[in-house]
Amino acid sequence: MGETRLPRHMFLWSMAIIYMFAFASLYVQIPGLYGNEGVLPVRLVEPRVDGSRPVLEQIHAHPSLLWLGPRLGLDLDAQQAMELLCLAGALLALGAALLEPLRDSLVFFCLWVLYLSLCQVGQDFLRFQWDSLLLEAGFLTVLVAPLNLLRWRSAFRQHDAVTFWLVRWLLFRLTFGSGVAKLASHCPSWWGLTAVNHMFEAQGIPLPWSWFIQQLPDWYLKLGTVGLLVTEIAVPPLYFAPIRSLRLAAFYIQAVYQVKLMFLGNNGFLPLLSLALTFSLLDDDHISYWLGHGKKKSAKTWPQTIMSLVLLAVFAVIIYGTKVLFTLEIDWEAKTITSKTAFTQQQFGNWLKLVTGPTIWVGVLSLTWEVVAAMLGCVCVRGCLWKLWGLVQWAVIASAAVAVFAISVVPYSSMEQVYSSKILPEVRQAYSLVERYRLVSAYSLDSRMTGVDGRSEVVLEGSMDKNTWTEIEFMYKPGNVGMAPPVVAPHQPRLDWQMSQAAQGLAEQSPWFTSLVHCLLQGNKDVVRLIQTDSAQYPFSQAPPVYLRASLYKYWFTQTAQDGSGPKEWWRRGYSEEFYPAVQLGGLTLEGMLSQHGLKEKFPIQPSPDSPLAQALRQVRDHVQTLPGHLVLWSLLATVATIWLFKTLLSGVLGGRKAKPTPAEPKAKKAKDQPAAKNASASSLKAERENSEESRRDADKSPKKRK
């Protein structure tokens, strides 16, 4: 693979932007989710300081910075400490996005530690797969990023290709693992190729245009399911192809796929993160071609012609295999394409047993190639000391890369139990030692399709007299059938997502829901802001409800009107069953559920500290809490874009002042005089060199010099 300096820069910049979104999105939700009177107060799970134990031992037992606050003399409560970590992470990521020197290994290590600290105490609201993916990608970023702040000599970083290869391996595990999990789950929707027919309706938080996509013909949506499975299963092995054109083709396929996910659902920062990982398939030459600085096209040589034929042959095999395995047939009269799965679950299981081992060995060979190439690059450096220094760096980084790859095999092989049992016990033990740090994870995104018979939604209702009930509308999740789905990405409204997850099971399986009901009955304003930042939209803004209950409804998108006009109502719904009984403060039912789930108050709430840092945090909170989360993130994005625009314009103006324009010449004359100019410049350099040698000889002959 060629030089990857530019793709690494793109990856590091993207990771800084994603970290900024992740920290800022979580920050606006902390009071309601983790505040002292929030849904899951962080003070109840905050690690306790034990002065008798060594610091490193406590860090290993509770890898979170929250417990270091008292040791550092910070007079903050648990909520404020969590806010401080979020603000520090968001500001540090913003600086890294705007200033290249801050895209440093130490900076990204701080970002990773901050996010890990939050996830360690985040409980149910920070256990999504995209949080694990951000932690794993963030750790790899620490290895990929240079040490600019320590004035490291980046010219001798021959090991960059090795660390960047780990990003490609993560991309492979993410896409291939997600695709395999869809069929390995034996979900009827994936095997019947109808998953995409329900995907836009059943996703966590749909978009307005999800309604229009849902209206497409069934045969077209089934074809979309086939395309999705092929993209996630057949294309990822091309990431390690020895032919550059195959890797670039795989990049474009995956990049288009992630951009589609970005615009087809409110999936937070997950598509951005997956897109950032695809940059590991690029090289400097291709990005230079994008920027218009690439090499001029020349006549194709016979090796290039062979590579083009191989590329066509590979994709011809993929297309033909897709046609055979999914029985694609064109109905010219109806102008449709029919599709049907032509293989059985047993055959797929046998195939999975067959390919799991070889895919790991392909990774081993590919990593070995990168490690050996990096070693040869260190040996070829001029100077014995630089060779020795380069080899020392190579040995450290190569060992780290091999270790990360080895432990990543454990969650990857879990998709096939027979091969998983063959993993060396030493590797399993190493994985168990670092599991709490979430350095590697298994990914099975959307392995089972929900909402096949309708999207399940929990609808909260409040009442003052237990006779008249009023629905409580959330800002983001479906509720009011006449309300259009919102656009909130890259913001991740975690309570709304958890409400969608809770609707898939029983209330007893979501203990946090009892805490949510309890907070709303108390009229907790921070929790209410998670539901509605505009108090006018919350029906119990003047006084909290006396009773609360929750019902389970089935939601479906409405159909297109006969005249082809847009929807007057976006949803239709039907009552399913009771989800949570009517409860009130102090009632036996609510008190029993609080005790059952361990949500009864154990520690009295301490008065909020009044230190200068605590006051500053409260002032920042007062300015931010009136805005919805998605507007906060959009404002950050607009700020970054504006600053980048000013920097570009300013650099253009300063560059124009420094460079004196030369008078334009006719192109023909310029082309004709170019060889002559080169000869003239060469002769002038030769003449200057001769004159300098003559003057040096004359100086040596002078009397003063002899004396």
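Backbone N, Cα and C define each Cβ position, glycine as well.
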Range among 239-259, 302-322 that TrEMBL annotates as transmembrane segment: 302-322
Same-chain residues near the transmembrane segment (132-150), Cβ under 8 Å, at least 6 residues beyond its ends: 8, 11-12, 15, 18-19, 22, 100-109, 111-112, 115-116, 119, 157, 160, 163-164, 166-167, 170, 174, 269-270, 273-274, 276-277, 397, 400-401, 404, 437-441, 443
Structural state census, the domain 'Lipase maturation factor 1/2 C-terminal' (439-581) (DSSP three-state): 34 helix, 33 strand, 76 coil
Chain residues outside the transmembrane segment (81-99) and at least six past its termini with a C-beta under 8 angstroms from it: 12-13, 16-17, 19-20, 22-24, 26-27, 30, 34, 42, 65-66, 69, 74, 107-108, 110-111, 114-115, 117-118, 121, 613, 617, 620-621, 636, 639-640, 643-644, 647
Cβ-Cβ under 8 Å with the transmembrane segment (12-30): same-chain residues at least 6 beyond its ends: 38, 79, 82-83, 86-87, 89-90, 92-94, 96-97, 102-103, 108, 111, 114-115, 118, 125-126, 134, 137-138, 141, 144-145, 268-269, 272-273, 275-276, 279, 490-495, 530, 624-625, 627, 629, 632-633, 636, 640
Spatial neighbours of the transmembrane segment (388-412) far in sequence, C-beta under 8 Å, 6+ residues away: 140, 143, 156-159, 162-163, 165-166, 169-170, 173, 177, 360, 363-364, 367, 371, 374-375, 377-379, 381, 420, 423, 427-428, 430-431, 434, 439-442
Model confidence over the domain 'Lipase maturation factor 1/2 C-terminal' (439-581) (mean pLDDT, whole number): 91
Cβ-Cβ under 8 Å with the transmembrane segment (360-381): same-chain residues at least 6 beyond its ends: 1, 156, 158-159, 161-162, 165, 169, 172, 237, 240, 387, 390-391, 393-394, 397-398, 401-402, 405, 409, 412-413
